[in-house]
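The block underneath contains the structure these notes are about, expressed in structure tokens.
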Amino acid sequence: MSTVIKSSILELQETLGAWRQQGQAIAFVPTMGGLHQGHLSLIKIAKENSDRVVVSIFVNPMQFAENEDFGEYPRTLGDDLSLLKELQVDCVFTPTAEMIYPDGLGLTIDVGKVGQILCGKTRPHFFNGVTQVVQRLFDIIEPDVAVFGQKDCQQLSIIKQFTSGVKILSGAIVREADGLAMSTRNQYLSVDERQIAPQLYRTLSQLHQGKLDLYMAKKQLQQYFKLDYLEILDANTLKQITDNTSKIAILCAVFLGSTRLIDNIIFRRENV
Ligand code: PAF
């Protein structure tokens with residue numbers, strides 16, 4: 001089956017409409033391109049849970065602050081399309097900013113306090129921008145299911161809370177052989193930084209295994225990185241752990257040079 005590439009909303013909707021008329025379920029994987037094995041694992045989940053898979057490639061200006069990397073964000077459309085064709089993705093949607101934001105870049109979604117903690121402290125605009133683009137893409141594509149990565153744990157939680165009409169599935173973090181969580185932004189790391197980067201997951205693992213406490217884990221991270229946050233929270237609410245907590249999340253963000261890396265470990269709480 002060949003992959004169709006759509007950059008017009010009308011043409012996309014015609015294709016989706018024909019599939020829907022045949023009773024086919026549609027899964028959606030939103031991306032900003034710069035595809036890696038992490039994205040491909042989400043596409044695999046999408047395929048397992050639907051008849052047709054749509055992948056979008058859109059670097060969303062609304063989720064970048066002015067001082068961030070919107071300009072430098074890897075744009076690798078040719079390579080991305082080759083990968084998606086190899087995987088026999090049914091449809092790739094490559095909209096322009098004008099199509100996604102026909103009324104301009106004014107913000108209409110405010111996710112409130114949950115968007116101001118953890119990553120939202122350093123990137124206060126980020127979750128409003130993500131929620132806005134995801135809801136807009138959901139409105140255009142009207143998928144049955146959509147798949148997001150667990151690496152962006154706070155993003156996943158906010159999307160579950162603030163978007164509607166679509167079943168949300170998630171895919172586990174995919175790691176390099178040395179433990180570094182795959183991310184498009186890993187391309188920014190220099191050779192020396194790439195050697196240091198796995199210390200992030202190593203430290204989170206030691207904290208998880210009880211070999212370090214939170215204080216020592218922070219100290220250890222600070223030897224290698226500028227620490228943004230390291231927190232242990234209820235994985236479902238992203239609030240402090242209570243007697244009702246069934247799943248725990250160790251969540252971390254650090255800067256390595258000018259590159260911001262995030263990672264997490266999520267696990268069941270014992271005896272609950
Ligand atoms: O996780 C991402 O790549 C982006 O935040 C998303 C969900 C594609 C929205 O632009």
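Just so you know, glycine gets a Cβ as well, placed from its N, Cα and C.
TrEMBL lists 32-39, 149-152, V174, 182-185 with the feature ATP binding site. In the shown protein chains, 19 other C-beta atoms lie within 10 A of the C-beta of M32 (ATP binding site). Classification of M32 (ATP binding site) by DSSP places it in coil, neither helical nor stranded.
Cβ neighbours within 10 Å of H39 (active site, proton donor), excluding its own Cβ and spanning all shown chains: 26. DSSP classifies H39 (active site, proton donor) as helix under the three-state reduction. TrEMBL lists H39 with the feature active site, proton donor.
Neighbour list (Q155 ((R)-pantoate binding site), Cβ cut-off 8 Å, at least 6 residues apart, same chain): C119, F127, V130, F148. Residues or ranges marked as (R)-pantoate binding site in TrEMBL: Q63, Q155.
The beta-alanine binding site feature in TrEMBL is assigned to Q63. Counting every protein chain shown, the Cβ of Q63 ((R)-pantoate binding site) has 21 other Cβ atoms within 10 Å. According to DSSP, Q63 ((R)-pantoate binding site) sits within a helical segment.
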Pairwise Cα distance for H39 (active site, proton donor)/V174 (ATP binding site) [Å, integer]: 9
Helix, strand or coil at T184 (ATP binding site) [DSSP, three-state]: helix
Neighbour count (Cβ, 10 Å) for V174 (ATP binding site): 18
